[in-house]
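Asker: Okay, so Swiss-Prot annotates it like this:
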| type | residues | note |
| --- | --- | --- |
| ACT_SITE | Glu49 | active site, proton acceptor |
| ACT_SITE | Lys131 | active site |
| ACT_SITE | Cys166 | active site, nucleophile |
| DOMAIN | 9-283 | domain 'CN hydrolase' |
Amino acid sequence: MSHDGPKTIRVAAVQAEPEWNNLQKGVEKTIRLIIEAGKNGANVMGFPEVWIPGYPWSIWNQSVVDNVEFMDEYFRNSLERDSEEMNRIRCAVKEAGIFCVLGYSERYQGSLYISQSFIDENGDIVHHRRKIKPTHVERGFWGEGQADSLKSVVKSSFGNIGGLNCWEHTQTLLRYYEYAQNVDIHIASWPLIFGACAEMQYHISSEMCGKLTQVMSMEGACFTLICSQVMSAENCERNKVDKWSFVKAPGGGFSMIYGPAGEPLVEAPDAGEEVILYADVKLAEKWRAKQNLDVVGHYSRPDLLSLKVTNNAASQVHFA
C-alpha cells in the first residue's frame, strides 16, 4: 500500500489477564478480544508475549525442580501453531477483518518456543517467528528461534507490521535489522512486568521496559504498541508468586502506544486494568519523523558500520 496518503489506521494494544495455564479458556478470551477490537474499528491488533497460556513468573523465584509440575501443566496448555485452537483464532481474526500479531507459548513436538504469529485479515498466518534468545531463566523452558525468526516485518493492507518479544528489544542489532525492513507499526509483545523495587534490578521494571520500547519508536520512526499482561490478586497463588514481594497485584500491565517521534498517543492505563488501547494513526507521519532521523538511511554510515545477517535457518536433521 502507499504510505503517502491521508489514510487513517486504527491500532489496538491489549492489556489483559491471561487465562492462566488453560488453553481452551485462553483461546476463548483471545477470540472475545479480537471480536471486540474489530467491532471498535481496529485494523491492527497486538497481544502480549506468551499471552496463551500466560507468563509463568514462578520460574524466576523457584527452582526448576520446584516448577516441574507447574511447567508440565504449562506445556500441556501451550498452543500449537497448526491446531484446531489456532484455526478458531484465525477464523475470529478473519471475522473481525483485522491484522493480528498473536504472542503465545508455542508447543512444537517436545519443545516450547516464545512465538508470534502474524495473522492477516483473511485469517492466514503470513509469518511466524520465535524469540531468538529466551531471557535468562527462560532458557530452561523455551527453545531458541533460528534465522527465519530474524525476519520481523511483513507487508500488509495496513502497512508494514513488525514484532518482537520482550527483551528482544534490548538486542540492538535485532532492532536495527527491523528498521532495515522498513517497519511502520511495531508490536512489542511483553509479559506482565511490575514496577521498580529493591528486590529486582531496575532493568527488569515496567518503567525501564516501557522506556526501552519508546526509544524503538523514535529510533525506528515507527508506531509502537506495547502489549502486556496483568495479574489479579486472586491469581497470585495459582501462579506460585503469592509470597514474592516483587509481585504487586493487581498489576503488571504497562501497555502503551507511541508515535514515530516517540510521543505517547494514549493515556497510560492503571497497571492492573484490563483494557484495549486504541489510537488512530496516519502512516505518513513516519516520513515527517524520518526527515530528522533515518538510522538505516541518511543518518547512517554503512561504509564505516554495517550489519551482517544470516538467512540460513539451522536444522537438526540434514539429508545427504
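Using the three backbone atoms N, Cα and C, a Cβ is placed for every residue, glycine included.
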Asker: State the count of C-beta atoms found within 10 angstroms of the C-beta of Cys166 (active site, nucleophile), not counting that atom itself.
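Answerer: Result for Cys166 (active site, nucleophile): 24 neighbouring Cβ atoms inside 10 Å.
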Asker: Near Lys131 (active site), which residues of its chain come within a Cβ-Cβ distance under 8 Å, counting only those 6 or more away in sequence?
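Answerer: In sequence order, Glu49, Tyr113, Ile114, Ser115, Trp142, Glu144, Gly145, Ser149, Asn165, Cys166, Glu168 meet the Cβ cut-off.
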Asker: So what pLDDT does the domain 'CN hydrolase' (9-283) average out to?
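Answerer: The predicted confidence over the domain 'CN hydrolase' (9-283), as a mean pLDDT, is 97.
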